[in-house]
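First comes the structure, then the notes that go with it.
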Amino acid sequence: MKHLFKLDPAKNLPTNDVTKLIHSGTDGFIIGGTDNVQIEAVQNLYELLVETDLPIFLEISNESMILPEADHFLIPVVLNTENSKWTHGLHKELIKEMGEFIPWKRVTSEGYVILNKDAKVAHLTEAKTDLTDEDIVAYARLAENIFHLPIFYVEYSGMYGDPEVVRKASAALSNTKFWYGGGIRSKEQAAEMAKYADTIIVGNIIYEDLEKALETATIFRKKTV
């Protein structure tokens with residue numbers, strides 16, 4: 001997967017726009033949000049996407065994101081916080097409540113480093129965002145070699161990040177996949193981050209300028225003869 005669209009169930013997205021996203025050339029979708037997430041909205045958005053054969057990931061930020069019928073679940077582990085609630089606390093409570101019913105083969109954990117101090121998710125998780133390049137590289141190595149996480153996700157959350165930081169963090173990984181999300185608003189930015197990231201995540205621009213969002217995916221569309 002080179003490109004994923006991230007959709008917020010708390011935001012309105014017309015059915016026609018969803019259809020365009022499905023046929024854009026993207027490799028799949030993440031459904032996820034920070035606040036005001038209602039199970040009905042998650043269900044409705046998921047149902048709009050099920051016509052596609054592309055993977056649909058539910059990113060579980062709270063219990064409202066859990067749909068038993070989903071094929072893929074992403075579990076965020078925020079690495080750059082000192083509040084254990086976001087590294088394992090909430091996770092343990094959910095497992096305590098639902099452990100025997102969790103479809104573990106459909107669950108993938110992702111190590112998050114959140115770098116936009118003004119983002120809602122940074123405030124919510126008490127993320128320490130004033131990190132050096134060396135800090136971020138260290139988190140990448142921690143994710144891969146200590147926690148053995150399959151995904152390391154650098155999240156600038158609405159702000160376009162530093163390609164050099166992305167390059168350095170990506171170069172530190174061998175087996176863990178590197179995902180980048182944040183502020184991609186053009187096909188040029190998509191191509192720039194895709195040089196280093198295994199997967200780029202495109203979100204906010206969907207709700208600001210759909211055509212520009214579609215362009216970020218078309219550059220990855222498989223060419224046919």
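Keep in mind that glycine also has a Cβ here, set from the backbone N, Cα and C atoms.
Going by what Swiss-Prot states, the sn-glycerol 1-phosphate site holds K6, Y153, V154, E155, Y156, S157, G158, G203, N204, and the candidate of G25, G183 recorded there is G183. If you draw a 10 Å sphere around the CB of G203 (sn-glycerol 1-phosphate binding site), it holds 23 other CB atoms from the protein chains shown. Among the binding-site residues listed here, namely V154, G158, G203, G203 has its C-alpha nearest to that of D8 (Mg(2+) binding site).
DSSP assigns G158 (sn-glycerol 1-phosphate binding site) to coil in the three-state reduction, placing it in neither a helix nor a strand.
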